[in-house]
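> Feature list, courtesy of Swiss-Prot:
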{"type": "BINDING", "residues": "Thr10, Phe11, His18, Gly89, Leu90, Arg91, Glu99, Phe124, Ala125, Tyr126, Val127, Ser128, Ser129, Ser130", "note": "ATP binding site"}
{"type": "BINDING", "residues": "Thr10, Lys42, Leu74, Arg88", "note": "substrate binding site"}
{"type": "SITE", "residues": "His18", "note": "site 'Transition state stabilizer'"}
Amino acid sequence: MQVIAVYPGTFDPITNGHTDIVRRATRLFDRVVVAVAASPAKQPFFNLDERVGLARDALSGLGNVEVTGFSGLLAKFMREQQAQVILRGLRAVSDFEHEFQLAGMNRHLAPELETLFLTPAEEFAYVSSSLVREIAALGGDVSHFVSGPVVAALKARMG
């Protein structure tokens with residue numbers, strides 16, 4: 001049986017912490033689906049198509065990775081993908097409470113699914129998409145935190 005993991009998120013934009021999680025997941029699973037959530041309630045900085053494109057660029061060197069956009073219930077998307085594992089990243093203890101609640105809700109909605117938590121490499125443990133956007137908006141260098149295409153997209157959008 002092929003084991004498929006889905007790594008859902010807004011990825012606004014995808015960071016090197018995200019790509020670190022995906023890279024390590026490719027060694028654990030037959031296929032990793034990076035599911036870029038529409039997340040209209042979060043009012044994303046980049047639209048869904050832009051976020052999918054940036055994620056594809058950042059992950060292009062990984063063979064068993066697919067990037068796709070989605071909206072709606074994650075449990076439904078998981079079934080559509082025939083996936084067994086929800087992959088989530090934990091940067092700090094502060095992330096755990098929210099992630100624990102999400103895992104419990106997903107277990108209730110789809111008991112056949114498992115949630116697996118991975119932590120990023122130490123150098124990315126403090127990186128978040130919102131911090132990257134804030135630093136970029138203030139004219140800071142974010143090239144250590146995101147890929148070249150993301151740096152270019154941030155500069156183009158922010159002027």
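The backbone N, Cα and C atoms fix where each Cβ goes, glycine too.
How buried are the listed features, and what sits near them?
Counting every protein chain shown, the number of other Cβ atoms lying within 10 Å of the Cβ of Ala125 (ATP binding site) is 14.
The 10 Å shell around the Cβ of Leu74 (substrate binding site) contains 20 further Cβ atoms across the protein chains shown.
With a cut-off of 8 Å between CB atoms and residues at least 6 apart in sequence, the same chain places Tyr7, Gly9, Phe11, Ala55, Ala58, Gly89 near His18 (ATP binding site), listed in sequence order.
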> Cα-Cα separation of Val127 (ATP binding site) and Arg88 (substrate binding site), in Å?
15
> Under 8 Å between C-beta atoms and at least six apart in sequence, can you list the same-chain neighbours of Glu99 (ATP binding site), or say none if there are none?
Arg88, Leu90, Thr115, Phe117
> Please give me the CB contact count at 10 A for Lys42 (substrate binding site), counting all chains in the structure.
11
